[in-house]
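J.: Grabbed the feature section from TrEMBL, which reads as follows:
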type	residues	note
ACT_SITE	E77	active site, proton donor
BINDING	N64, V65, E66, N67, A68, C69, Y70	substrate binding site
BINDING	C75, C109, C112	Zn(2+) binding site
DOMAIN	23-150	domain 'CMP/dCMP-type deaminase'
Amino acid sequence: MEHQEFNEVKQVKEHESKLLSQDKVENLIQQAQEAKVSAYCPYSKFRVGAALLTTSDCVFTGCNVENACYNLGICAERVAISKAVSEGHNKFKAVAVASDMSDQFISPCGACRQFMREFGSDWLVYLSKPDGTYLEMTVNQLLPVSFGPDDLSMNKVAN
Ligand SMILES: [Zn+2]
């Protein structure tokens, strides 16, 4: 019991140490809003921008990119993550997501949640509104009980 309490305290402290300062969050959201301007969304007219902060404090941005073959469209979050990974960065602190919805925080789709989870489940996702207000969540909160890279090496029944 005591051991469990200790673990809980430790986890809270670890989580707090990963939180970004207000300035950094606002800056990341601003960059997501700027990335949104490049959105290629002639079909949905639904602009989304993302700004991804790596553990080495680099920022990679992305916007949604749609296609005349509708189902080939890709979300801003996955564009930003793919840009980072292709440049040699795959450890992330946070991602901010921005859209034009004034009444609702933009929320990553299921595919993007799984894409984020590939690179860890305890990093931060900021769901924002155009006025700069935001919700702070972790990847784990957005995608609980997830399937990830470690699951591939788990014990399996013999075939
Ligand atoms: Zn998505």
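Numbering starts at 1 and runs along the chain as displayed.
Placed from the backbone N, Cα and C atoms, the Cβ positions cover glycine too.
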J.: Rank aside, I only need the closest one: which of the binding-site residues C75, C109, C112 has its C-alpha nearest to that of C69 (substrate binding site)?
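T.: Considering only the listed binding-site residues, the nearest one is C75.
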J.: Can you tell which of V65, C112 has the least company, meaning the fewest other C-beta atoms within 10 angstroms of its C-beta, among these binding-site residues?
T.: V65
J.: In the same chain, outside C75, C109, C112, whose C-beta lies within 8 angstroms of the Cβ mean position for the Zn(2+) site?
T.: A76, E77, R78, P108, G110, A111, R113, F115
J.: If you measure C-alpha to C-alpha, which of N64, V65, E66, N67, A68, Y70 (binding-site residues) come within 10 angstroms of C112 (Zn(2+) binding site)?
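T.: Candidates kept after distance check: none.
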J.: For a Cβ distance below 6 Å to any atom of ligand 1, name the binding-site residues from N64, A68, Y70, C75, C109, C112 that qualify, or say none.
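T.: With ligand 1 as the reference and 6 Å as the Cβ limit, the list reads C75, C109, C112.
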J.: Can you name the residues of this chain that are 6 or more positions from C75 (Zn(2+) binding site) yet have a C-beta less than 8 Å from its C-beta?
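T.: Residues satisfying the criterion: V48, A50, N64, P108, C109, A111, C112.
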